[in-house]
Amino acid sequence: MMGILLPYIVDIGIVCGSYGIMPYMTPDTVQFGVRIPPAHLSSPSIAKVRKRYYAGWAIILLVAILGNIFAGLFIHSQILATAVYAPVFIIALLGLNFLNYYAARRRLLGAKALEHWYEGVTQGLVADTAAHIKTRNPSLAWGIPAILVTLASIVVPAMRYNTLPNRIAVHFAVSGTPNGFAAKSFGSVFGPIIIELILLIAMFLVHVNANRFAVRLDPSNPDASRRRYGVLRREGIKAAWVMLAVLNAGTTISLLPIWGIFVHSITSVVDFGTVVIFIGIIVSIVWIGRAAQTTRHVGQASGDARLVARDDDRYWLAGTIYFNRNDSSVFVPKRFGVGWTLNLGHPLAIVVILLILCIPVVVSLVGRG
């Protein structure tokens, strides 16, 4: 019955892998969502917080692996695994990792206040108004594999459409036996790949507009910050295109039985598609992580050593959610991890969230068509 729990092993790798590498992906002046002046980067308190964080992370990883193995030995019902074990396991995995991060953040904030890290410094904010000129995005050729995979996911069901029965299987038990059916229609056959198309379009828009996102430079070393954002932008776009190609490929592979292909090897096909997605995500995380790690150190100050980045911790709820009505940026660099997040204090952020929430509605409507 371990096949039932294979997706959750993938979840362990993705969630724990992300939380394990993210502290190395942020600038050393922003750790666990806490802003740190360069002069205090050598504080023993920081090393102690990181050590306790990774001790907690290792315990969570071990418990998750052992718990998944234990469940695989004793859970013999797909309904129980899907309806009970899956949500409990995912929520627990995400919750424990977040609580471990949040505890590290609280400890670091305590050390920051106790040791008065921001006393005697001048706080400032530096923005790169010419970032779109100085930083070139990678070639759109990086998107060709994702485009080809998505086209294949459209061509394959199109070629199979006339050969499919009037009622097609859209869900299968772990044994490979169909246990869910739908009338053959455009929605039931092509609906599942709508998400692939949406992701492809979204990635294209991110690619062509990436240099318009806000760039926050460290006043103590703006040159290093500029290089960091340049490298992360280029490598992040490349890794995202690769991940999208592999994600769409794995999804398409898993959909083949619905289109009447490999119907006698359903479990193997779905498991293979899951493994493909897992490998793609891990490769992308490591790719971005290496780029972030090589550019995270502030180094020798190139600006005014007395000028440090503004202490803006109060605008970050739990170090992850940004809310600042006085900031005109819709997207801002993340505090924990790599990339950008929404400024929930900006009205346009609500519009973006509503558009994202509309995606499953559109997919559902198409699926019924």
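Backbone N, Cα and C atoms are what each Cβ position is placed from, and that goes for glycine too.
Annotation source TrEMBL lists transmembrane segment at 6-25, 54-76, 82-103, 140-161, 181-206, 236-262, 268-288, 344-366. The domain 'DUF1648' annotation in TrEMBL covers 148-195. For 325-349, the entry in TrEMBL reads domain 'DUF5808'.
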Stretch of maximal Cβ-Cβ contact with the transmembrane segment (140-161) [cut-off: under 8 Å; candidates 6-25, 54-76, 82-103, 181-206, 268-288]: 181-206
Residues from the same chain, set at least six apart from the ends of the transmembrane segment (82-103), whose C-beta lies under 8 A from its own: 5, 8, 11-12, 15-16, 19, 32, 52-53, 56-57, 60, 63-64, 67-68, 71, 75, 318-319, 336
Local confidence of the domain 'DUF5808' (325-349) - pLDDT mean: 86
Residue counts (helix, strand, coil, in that order) that DSSP gives for the domain 'DUF5808' (325-349): 3 helix, 7 strand, 15 coil
Structural state census, the domain 'DUF1648' (148-195) (DSSP three-state): 26 helix, 12 strand, 10 coil
Leading stretch by Cβ pairs under 8 Å, where the reference is the transmembrane segment (181-206) and the options are 6-25, 236-262, 268-288, 344-366: 236-262
Any contact, the transmembrane segment (6-25) to the transmembrane segment (268-288), with at least 3 Cβ pairs under 8 A: yes
